[in-house]
C-alpha cells in the first residue's frame, strides 16, 4: 500500500482510448482522474472511489474543480471500508457545505461503524448507551432519556422486548430518548421514531442456517439508522420535539428462550401467538409503537431490518417503504430524492391486516400459509400496534442497510443509507 497522497481530479472528458472504452478512471503523473458522463455522476464517483480503494490507495486529496458537497460525499461513500485506515484531504467548500460534510462524517460513519460492530462487542444495553452518546455529542442540552432493562421490562409490561430478549445472558433494553430543544417540558411531540435493535439474531428456536445468520450482527440496523437520522436532523437545526424508542434485545436459544406456541399479551390488549421465533423484530417493535402512539405525535416512523422478503423484492439497493398515508409516503420519497438515496414503496392494504390468523390469539406473528407477501404482512402486523395507523405512520424495511460482500459502489458491511432521508423528512415536517 502506498503512503503517498494521491491527487484525485474530475473530468467531463472521456479517458484516452488506451484506458479502454468508457473507462471510469485513468492515471497520469498528476494522479488519478475520474471521467464523468452525463448519467449518474454521483454514482460514477462512488464506483471510481471503490476502484481507487481496491488498488491499495488509502491517502488521497480531492483536487481541481467540481468537488462540491455531494461529489465529495459520493467519493467517501465508495472509498470508505470496514477495515484499514483511509484519509482524505477535502477540497475547499463553502462554510455551510463544509459543516454539513463534517456532520455526515461524524454521524453516518457512526451508523456504519455501529452496524458493523461484532455482536460480542455490542449488546442491547451498549447499543442504547452508544445512541445516547451520539445524540449528546450533537445536542446534549436537548436530550433526556430513560433506559428500562431486564425484569423491569416484564414488570412494566413491555411484553415483546422482554419475551424476545429473555433467552440471552445480556438483558433486553428499551431506550426512550426525548429530544426536546424547545426547553418546554410540555411541548408537543412532532414525531416518534421506533427502531428495531436486535443486536444478534440467531432465529431463536426457529434457528437460522449459518449462511443466513452470519450477518445478523447487523439486525440492529433500523435502530442505528433512526438514531443517526435524529442526530443529523438535530445537527441541521431541528427545533421541534422528537422521541426516539430503541427496542433492543438478543434473539438467542436457551432454556429461557421463548418457544413456538407461546402467546404474548401486549399493553394495548392485543394477543400474539408465536409460530416463528425468527419473526422477532415485529414483536419488539410492537412495544415501541404502543409507546409512540401514546404521544399523539402527527408522525411515527419505524425502521427495521425486518424481512428477507423486502430484500428479495428490492435487493440491497433500495429501502422498502410501507404506509397507508399516500401524502406522507410521497413526502418521504421526495426527501429521499433530495438526499440522493433510494427508497421504493411496496404494497400495504387493509386486507393484509387480516392475513395473520391464529387459532389461539388475536394475531399470529407470521402470515398464514396462503399469504406469501411477507414484507407486506409484516408491515400489517405492526399496524395493529399503531393507534391511528391509516394516517401519519411510515414503516421502513431496511433492505439497503447492510451488504454481505462488496459491490462496485460499496464495500462489504453497512451503508448508512436512510439516515439523510429521515433527517430531511423530519426537518420538512417541522416547517409545516
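Note that Cβ sites are derived from N, Cα and C of the backbone, with glycine treated the same way.
Fair warning: this is a prediction, and the values are worked out from it, not measured in the lab.
Copied from Swiss-Prot, the annotated features are:
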ACT_SITE  208  active site
ACT_SITE  282  active site
BINDING   196, 201, 219, 280  Mn(2+) 2 binding site
BINDING   201, 278, 280  Mn(2+) 1 binding site
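What Swiss-Prot annotates, mapped onto the structure for a quick look.
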residue: 196; record: Mn(2+) 2 binding site; DSSP (3 states): strand
residue: 201; record: Mn(2+) 2 binding site; DSSP (3 states): strand
residue: 208; record: active site; DSSP (3 states): coil
residue: 219; record: Mn(2+) 2 binding site; DSSP (3 states): coil
residue: 278; record: Mn(2+) 1 binding site; DSSP (3 states): coil
Alpha-carbon spacing, residue 201 (Mn(2+) 2 binding site) to residue 278 (Mn(2+) 1 binding site), which is rounded to whole Å: 8
C-alpha spacing of residue 208 (active site) relative to residue 278 (Mn(2+) 1 binding site), in angstrom: 8
Length of the line joining the Cα atoms of residue 219 (Mn(2+) 2 binding site) and residue 282 (active site), in Å: 12
Cβ neighbours of residue 219 (Mn(2+) 2 binding site) where a neighbour is any other Cβ within 10 Å: 29
Rounded distance in angstrom between the Cα atoms of residue 208 (active site) and residue 280 (Mn(2+) 2 binding site): 13
Nonlocal neighbours by CB distance (under 8 Å) for residue 280 (Mn(2+) 2 binding site), same chain, sequence gap 6 or more: 164, 198, 201, 204, 249, 251
For the binding-site residues 201, 278, the one whose C-beta sees the most other C-beta atoms within 10 angstroms: 201
Number of Cβ atoms other than its own within 10 Å, given for residue 196 (Mn(2+) 2 binding site): 31
Densest Cβ neighbourhood among 208, 282 (active-site residues), 10 Å radius: 282
Distance from residue 282 (active site) back to residue 196 (Mn(2+) 2 binding site), taken between C-alpha atoms, in Å: 8
Mn(2+) 1 site, defined by 201, 278, 280: further same-chain residues with Cβ within 8 Å of the Cβ centre: 164, 198, 202, 203, 204, 206, 208, 216, 219, 251, 277, 279, 281
Other same-chain residues whose Cβ falls within 8 Å of the Cβ centroid of 196, 201, 219, 280, the recorded Mn(2+) 2 site, in sequence order: 164, 198, 216, 220, 249, 251, 281, 284, 304, 305
